[in-house]
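These notes are about the structure you will find just below.
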Amino acid sequence: MSKKTFVTGAVALAAAILPLTAGMATAAPAVTTVYYDASGAPSFASAISSGAANWNSSVSNVQLRPSSSGASLRYVEGNDPQGSYADTDGHGTGTIFIDYTQAKQYDIVRITAHETGHALGLPDHYEGPCSELMSGGGPGTSCHNAKPNSTEASRVQSLWANGLVSNGVGTQRIYG
Ligand SMILES: [Zn+2]
């Protein structure tokens with residue numbers, strides 16, 4: 001009798017724990033939201049929004065959302081002889097600079113999406129084809145692809161699999 005009571009109690013306990021355990025095991029990784037402020041680059045507001053949307057539709061572990069306060073990523077515009085750049089830790093923090101001259105030559109959404117790619121952790125790969133976002137200006141001014149390919153999206157997915165944790169890399173300036 002006491003044994004049966006024990007078993008019943010154990011089953012009840014397991015039933016109570018199981019939903020929580022199952023929920024934890026099957027839940028998708030938490031989405032990390034990177035808030036950005038594009039007010040410093042008013043000429044490129046539309047392109048920045050489109051570039052962010054291209055990333056948002058390609059990855060799920062990190063999403064970019066505009067915010068006027070508390071943003072970790074900001075966009076600015078101006079002239080720099082070396083062109084556009086990203087000052088970033090590669091993990092959602094930093095400043096993206098859009099160069100006017102470059103914006104007249106290259107696809108603007110490709111530029112903003114590319115620089116955003118740096119803020120999400122991707123390096124340049126100029127040797128790549130137009131279908132690669134991080135080939136940047138490599139394929140020339142006729143390239144209008146502004147979306148990451150599946151390899152680039154997978155890379156960002158894995159970089160953000162554990163959320164907003166430091167990658168141990170300080171902020172660096174990546175031109176181009
Ligand atoms: Zn680049």
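Just so you know, the numbers here start at 1 and follow the chain as drawn.
Using N, Cα and C of the backbone, Cβ positions are placed for all residues, glycine too.
If you check TrEMBL, you get these features:
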type	residues	note
ACT_SITE	Glu115	active site
BINDING	Asp107	Ca(2+) binding site
BINDING	His114, His118, Asp124	Zn(2+) binding site
DISULFID	Cys130-Cys143	disulfide bond
SIGNAL	1-27	signal peptide
Around the Cβ of Asp124 (Zn(2+) binding site), the count of other Cβ atoms that are within 10 Å: 18
Where the C-beta lies under 6 angstroms from ligand 1, the matching recorded positions among Asp107, Asp124, Cys130, Cys143: Asp124
For Glu115 (active site), the number of other Cβ atoms found within 10 Å of its own Cβ: 24
Nearest-integer angstrom distance between the alpha carbons (Cα) of His114 (Zn(2+) binding site) and the residue listed as 'Ca(2+) binding site': 10
Separation of alpha carbons, Asp124 (Zn(2+) binding site) and Cys130 (disulfide bond) (Å): 13
Shortest C-alpha distance to Glu115 (active site) - which of the recorded positions Asp107, Asp124, Cys143: Asp124
Three-class DSSP secondary structure - His118 (Zn(2+) binding site): helix
C-alpha spacing of Cys143 (disulfide bond) relative to Asp124 (Zn(2+) binding site), in angstrom: 16
For the Zn(2+) site built from His114, His118, Asp124, further residues of that chain with CB within 8 A of the site's CB center: Ala86, Glu115, Gly117, Leu122, Pro123, Leu133, Met134, Gly136, Ile174, Gly176
